[in-house]
Each structure stands twice: as C-alpha cells, then as structure tokens.
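Each remark here refers to the structure printed beneath this line.
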Amino acid sequence: MPRKKQNERGTNKQEIINIETKSSTFQEKQRQSKTDQISTVWRKEQKKQELKVHTELHPQHRTGFNEDKGTDPWLTTWRIITVILGTSCIILVTKVGFLIPNLFSRGEKRSRELSLLDSLCLKNNDSFCDLCSHDWIAFGNNFYLFFRGTKTWAESKSACEELNSYLLDIDSRAELENLLLFEINGWILFKTDAINRSLRKNYIKIHQTLFNDSEKKNHSCHYLSGNQFSAGDCSSKKAYTCEFNLQ
C-alpha cells in the first residue's frame, strides 16, 4: 500500500510539472507573438515615415496618369493637339504651294505691262505721258483704266480722249470675258457692227426700255452694268472706263 501511494504521488507531481511546463511554453509563445506584432507595426510605421520624408524631399510632378484606366489624359490631349497642328500645317503648305505660282505669274504679268508702257513712253513723244502716269490694267495688247468718279457720257468720252485713249469699246468675246471679271459699271461705246451684234445676241443681255420719241434722243447712250447693256440718259452721270490698244 505505501508503495502504491508513492507511485500515485509521483504521477501527480509529474502531471503538475508537465502542466506548468506547458503553461510556461504557451506564455512564451504569446509573448513572442505580441513581440512580433509590435515589431511588425513598428516596421510599418518606420516605412511610412521614410516614405513621407522621401516624398517631401523629392516631390513628384503631376502627370495626370490614371492608374485605374492605365491612360494619361495629358498624353491624349497632346496627341490631339499634334494631329490638329499637323493637319493645319499640311493645309497651309498646300495653300502656299498654290499661291506662290500665282504670285509669280502676276508679278511677271505686271512686269510685262510696265515694260510695255515704259517702251511706249520712250518711243513716243510727250503726248503719251498721260498713259504712263496712271495704273493701267492690261489684257494682251489692250489697256484699261477704271474711273469710279461719275461723268456724263460726253464728259467721259472727252476725259478718255485727254488721256490719248477712248471710251471702253468691247469688240471681242475674249475681251468681254476678261472685263466681266471686274463687274464693270459705266459708260461704253456702243457700235452696231457685226461683232457687237454677235456679242449682244450671245453673251450680253440687253435691257429693253420703251421710250417715246422725245426721250429716245436723250437715251441714245449706253452703259454696261455687269453683263447687261442698257440705254441711259446721256446727261446722267455714271462711272466710266478708258481703253487704248497697242497694235
């Protein structure tokens, strides 16, 4: 009996020791877990502080980059601007390519006109100086001078004669087509030869107005308005165009 009791006591002591050992091991694990948690939190805080300091020392420029969509709005805007500018440059270069030849052709044409007038002034006497002192416009060998001031038909005719020229006389289809570009409005010579009859029939509208016998005498002068011939009162004042021809 005494030996049995001793064995029981030994067993109880061993169990107590095992329980105490397990308890102390569990407490150590808890302490270690808490220590690890504290260490992890500390490391996170340290990283945050380091990142904050780095951001303050090296501020990043805003680029407008959208991480969610993976696109850069600024880049898209610049691409659109680049396309617009490129298209505008192409259009501008194309226009310049068309304009430069026209400018050169106009300059050459004007140079030929001036050389014709210069040669005319040098070869002739002082009576041709009036032709050289005005800005005449040339179509082939025909030169024209447009006046916006108004005169009667007789005054217009006399003014052109003073410039050693004559009142506008349209005698060909080519001449008419050139003059229609300028939308001439004023007194003209109105001949009844075959050429003028053909022009009036095919290319020019004649404004017909009924006059009595007394009015016909005063309305025997004609003027051109756009592409229309009209009979007008010779005493009324209108614009006019002078013309001369180099044969």
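Backbone N, Cα and C atoms are what each Cβ position is placed from, and that goes for glycine too.
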Disulphide pairing with Cys242 per Swiss-Prot - partner from Cys129, Cys132, Cys160: Cys160
Long-range Cβ environment of Cys242 (disulfide bond), under 8 Å and at least 6 residues apart: Tyr144, Leu145, Phe147, Ala159, Cys160, Leu163, Ser165, Tyr166, Leu167, Leu168
All-chain count of other Cβ atoms within 10 Å of Cys221 (disulfide bond): 22
Disulfide-bonded residues compared (Cys160, Cys234) - highest count of Cβ atoms within 10 Å: Cys160
